Amino acid sequence: MRSWSPYALLVVAAIALDQWIKHLVETGLPFQEKLDLVPFLALFRTYNTGIAFSMFSSFGDTGLVVIAVLVVAFVLYLATRTPSGHVIARTGFALIIGGALGNLIDRAVYGHVIDYILFHTPVWSFAIFNLADAFISVGAALVVFDELIGWRREPSNAKPSKAKPSKD
């Protein structure tokens, strides 16, 4: 259990930061009014009744909560099967779980997810998202990165094969 303590702390910190920022957005940012921070980044409070990019919004609150719980359970399963030396992957799994639970809290409390980050140019804009979504994306990237660098790792306990090559 001790080896999981930093990751559990990261999950709690991700949820707390996500919920705190969403509270600030809900109480201080007008609904669907763009507040430019820099030329390509704005705050824009809106609600997402689906999952990523409003997908599955027709599933309803209960269906989306069930999907989120199943995803968290699956990621927990993967995380527990990850060797302790894979710090990058474990960190990624913790961020995914923290982000998913942050959005799950929104959905359970409000019936929607609070989104507020908008990347844009004068002629284009990206989907509006939140910090929990960013945690999920960064976490997934870390898991993939760990897998990619894992291909280059030599097994530490591998011994040269004593089998003779076949003469075929």
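Heads up, the Cβ atoms here are built off N, Cα and C, so glycines get one too.
According to Swiss-Prot, the protein has these features:
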type: TRANSMEM; residues: 5-25; note: transmembrane segment
type: TRANSMEM; residues: 37-57; note: transmembrane segment
type: TRANSMEM; residues: 59-79; note: transmembrane segment
type: TRANSMEM; residues: 85-105; note: transmembrane segment
type: ACT_SITE; residues: Asp115; note: active site
type: TRANSMEM; residues: 125-145; note: transmembrane segment
type: ACT_SITE; residues: Asp133; note: active site
Sequence-distant neighbours of Asp115 (active site) in its chain (C-beta under 8 A, six or more apart): Arg45, Thr46, Tyr47, Asn48, Ile128, Phe129, Asn130, Asp133
Spatial neighbours of the transmembrane segment (85-105) far in sequence, C-beta under 8 Å, 6+ residues away: 7-8, 10-15, 18-19, 22, 65, 68-69, 71-72, 75-76, 78-79, 113, 130-136, 138-143, 145-147, 149-150
